[in-house]
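Annotated in Swiss-Prot:
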{"type": "TRANSMEM", "residues": "11-31", "note": "transmembrane segment"}
{"type": "TRANSMEM", "residues": "78-98", "note": "transmembrane segment"}
{"type": "TRANSMEM", "residues": "175-195", "note": "transmembrane segment"}
{"type": "TRANSMEM", "residues": "234-254", "note": "transmembrane segment"}
{"type": "TRANSMEM", "residues": "291-308", "note": "transmembrane segment"}
{"type": "TRANSMEM", "residues": "313-335", "note": "transmembrane segment"}
Amino acid sequence: MESEGWPALQPLLCFAWIAATLPIIAAALPIPTAVGGHLLRRLLSAFSSRGKTVRPSPASSSGSSSSKAKFTVPQKYFMHFYVVGVLATTILLLAIWFYAYMKLTPLLLESSSYSTIFSHLVGSNSFSFGRVRSRTMGHKYRVWRTVFALLLMEVQVLRRLYETEHVFHYSPARMHIVGYLTGLFYYVAAPLSLASSCIPEAAEYFQGQVPEFVVKGRARMPDLVIDSSSLLQPLLKLGWTQWIGAVIFIWGSLHQIRCHAILGSLREHKDSDEYVIPCSDCFNRVSCPHYLAELVIYFGMLVASGAEDIPVWFLFIFLITNLSFAAVETYNWYLQKFEDYPRSRYAIIPFVC
């Protein structure tokens with residue numbers, strides 16, 4: 001439901017995700033060197049490099065090293081991603097939740113079911129009314145599903161913010177500025193994509209409240225009373241799809257917590273430059289199980305959102321291509337760094353990649 005005065009948000013988000021995904025896909029394709037395939041792969045590897053994969057080799061000249069450093073930022077800037085993600089997600093969550101509470105409650109499941117049965121019994125006019133009511137109910141569910149998906153996103157970015165501060169011990173390594181900007185883009189565009197179908201109407205609602213506040217003044221505005229049961233009950237009445245998505249999300253989150261704890265324990269001294277081969281858990285099967293867990297987490301969000309909004313699908317496609325490319329780069333780095341690195345391990349997905 002697009003409101004007047006708002007741009008077509010969903011097409012813009014789709015375009016942004018496609019623009020971010022296509023270079024990664026192109027770099028992964030076997031494009032001949034003669035037409036720039038090797039150059040494209042090198043550029044994308046440089047832009048996406050961070051940590052252990054970005055540091056110049058000892059053989060590189062000091063001039064080359066300083067030139068590279070101009071286009072990098074400290075890897076500890078990862079925290080900026082999650083600060084931005086928390087801010088963007090919290091603002092959208094509170095705004096859409098408040099809009100849903102004020103305008104789209106209660107859900108009235110039972111009356112909707114009875115009205116549908118009644119419409120079949122009494123004739124076409126009532127049936128038409130039932131269809132309108134059904135569309136209204138469907139719209140309500142769509143907005144409350146968005147609130148549910150944003151709640152999952154909020155949990156994700158808050159956890160990642162905590163882990164960045166208390167679990168990971170970042171080395172003095174750096175990451176490319178393009179990768180840094182991509183991360184900032186991602187943590188703004190991801191919650192926007194989850195909420196894209198509801199943002200225009202929620203914005204229209206708040207825009208309508210501003211003139212009313214200006215005309216009436218605070219003293220003559222009705223008191224705001226929030227009923228906690230009405231605030232939460234619609235979320236509890238959502239369908240099985242949302243709860244299946246939540247279970248997938250929780251499983252992926254628990255697995256990623258375990259993987260991050262293993263990675264964080266590999267460098268006890270924060271200033272240490274030494275890398276070791278991670279073992280145990282799924283590290284024995286794939287090089288980047290924390291990336292695999294990230295895919296599971298966002299697949300859970302996709303399911304919980306209802307999988308009806310195209311930008312969410314493009315978000316997930318970008319995540320698959322981006323994390324797969326990064327995992328292959330990490331896997332290749334491990335092979336070059338450690339002679340005894342297990343070649344039986346996959347990069348990210350067992351038996352696939």
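Note: Cβ is positioned from N, Cα and C throughout, glycine not excepted.
Fair warning: this is a prediction, and the values are worked out from it, not measured in the lab.
It is 11-31 that, among the stretches 11-31, 78-98, 175-195, 234-254, forms the most Cβ pairs under 8 Å with the transmembrane segment (313-335). The largest share of C-beta pairs under 8 angstroms with the transmembrane segment (78-98) comes from 175-195, of the ranges 11-31, 175-195, 234-254, 291-308. Tertiary proximity for the transmembrane segment (234-254) is limited to same-chain residues at least six positions away from its ends with a CB under 8 Å from its CB atoms, namely 100, 104-107, 109, 140-141, 144-145, 147-149, 151-152, 155-156, 159, 293-297, 299-306. If you look at the transmembrane segment (175-195), the same-chain residues 6 or more away from its ends with a CB under 8 A from one of its CBs are 9, 13, 16-17, 20, 46-51, 54, 71-75, 77-78, 80-82, 84-85, 88-89, 92-93, 96, 146, 149-150, 153, 157, 301, 305, 309, 311-312, 314-315, 318.
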